[in-house]
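Some features that TrEMBL has for this protein:
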SIGNAL    A:1-26  signal peptide
DOMAIN    A:90-175  domain 'Cytochrome c'
BINDING   A:Cys105, A:Cys108, A:His109, A:Cys142  heme c 1 binding site
BINDING   A:Cys205, A:Cys208, A:His209, A:Cys250  heme c 2 binding site
BINDING   A:Arg246  substrate binding site
ACT_SITE  A:Cys250  active site, cysteine persulfide intermediate
Amino acid sequence: MKLQHTMTAVTVLAATLALIATGPRAEPAQDDQLVINGEEEVPTQAPAPAHLDGALGDTIYSGWLFRDPDTRAMQKDDFDNPMFLFVDAGIETWNTPDGTEGKSCADCHNAIEDSMKGVRAALPKVTEKGELWSLENFVNDCRTNRMGAEAWGWNSQEMKNMTAAIGLQSRGMPVAVAIDGEAAPFWEKGKEMYYTRYGQLEMSCANCHEDNYGNYIRSDHLSQGQINGFPLYRLKDQGAVSTHQRFVGCVRDTRGVPFEAGSQEFRELELYVASRGLGLPVETPAVRH
Amino acid sequence: MHRILALTIVVAGFGLPAMAEIAPEDVPWSEDGSVAESLTGTPGNPDEGKVIMTTNALGNCVACHAIEAMPDVPFQGDIAPQLDGAGDRWTEAQLRGIVIDAKRTFPESFMPGMYKVGPFIRPGVAYTAKPPEKPEDIKPILSAQQVEDVVAYLMTLSE
């Protein structure tokens, strides 16, 4: 009798889940707005950049719109957003001397709110030496060449703390990477990667994030795979995730061999993916599940 | 376990060598992407097929396809056509071809080849993100008999 009860409950639960899963879909949330701390409105959609030539329709959408209401709510309040622990740690490091020169970031750059405003929105970019650099490269360049300190690992906690703290200074500013001039050859390579079908499952980024955004792959609601919120907090990992870390995960899931975080290839891909979000406001540090 | 036992008894009982399986490289394709010959010679088991189709680590067909005939399976995907009625729309040979390598039927298809070992771009060993040390490390997603089991289940999907 008891067993039968449980069985019925399980069946009902399964039926309910099935109902949820087959309900109306293909929608980014239309009835919610990202207003942070009750005051700062961050638009989560923008007109699609011209270079996409309609590949994503008229509008580009933040990944925030594809997450469930609870996850969306966490990003609306900096006290609920677990990334702010890391932002605080990053700001503390900003002010702390390190390395043989005994200098802190603040000694040269002063207040992070002023000197780093808008920096993240325009990265990756081509340096004077003609190399394509992500934010992590700039941070490590200062540490090794200007402070006499050790480089941080690309996906180390220290690095994510700092990129979150710097990224926050661009929150609300539209993604504005350059894709022409010296950046063009890197951008082209990134674009080619985006449409390459990797791994045993033979899937490209575009197969999931262009052809199928708004659809469900099993229980995952596919977004456009925008990177305007990185580094972000992933509830599933209970930690901060960098842009390249996410790329690694997505290629691995095709039964493929990803490129290394920080590699030339992933920086090119980062530039291209960033350009698919041109005009979309930076949301760093976002929350996802 | 049960199956292995049963098989052993059959083989022992009749003293027949099991028919050689067709390897992924040797699949006898027709022009239109269908495969008439069974990969194993052993009829597929539709009940096994159903389990394979709903198991993440196996076919995981429901990641993309909804199947109304399986109302108890939660979180069915909506990326690909609903599979109900597939047994009416396609012949067994066509379904076998679609499951082995759908790109032979639908060029550029999003559907992965389930009995295919290459050529791929940067294939890894399953979901380890590690490159294969030798070509044999890349195993087809489904075994030959699992393909037959799935085809047998698909053939039951008629409306």
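Placed from the backbone N, Cα and C atoms, the Cβ positions cover glycine too.
TrEMBL labels come from automatic prediction, so no person has curated them.
All features noted in TrEMBL, drawn onto the structure.
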residue	record	DSSP (3 states)
A:Cys105	heme c 1 binding site	helix
A:Cys142	heme c 1 binding site	helix
A:Cys205	heme c 2 binding site	helix
A:Arg246	substrate binding site	helix
Remaining residues near the recorded heme c 1 site, that is with C-beta within 8 Å of the centroid of the site residues A:Cys105, A:Cys108, A:His109, A:Cys142: A:Trp94, A:Lys103, A:Ser104, A:Ala106, A:Asp107, A:Ser115, A:Arg146, A:Met147
Extent of the heme c 2 binding site in Å [max Cα distance among A:Cys205, A:Cys208, A:His209, A:Cys250]: 11
CB-centroid shell, 8 A cutoff, heme c 2 site A:Cys205, A:Cys208, A:His209, A:Cys250, site residues removed: A:Met203, A:Ser204, A:Ala206, A:Asn207, A:Glu210, A:Leu222, A:Gly225
For A:His109 (heme c 1 binding site), the one of A:Cys205, A:Cys208, A:His209, A:Arg246, A:Cys250 that lies nearest, given that the binding-site residues are compared by Cα: A:Arg246
Taken over the domain 'Cytochrome c' (A:90-175), the model's mean pLDDT: 98
Cα-to-Cα gap, A:Cys105 (heme c 1 binding site) vs the residue listed as 'substrate binding site', nearest whole Å: 27
Site diameter for heme c 1, Å, by largest Cα distance between A:Cys105, A:Cys108, A:His109, A:Cys142: 11
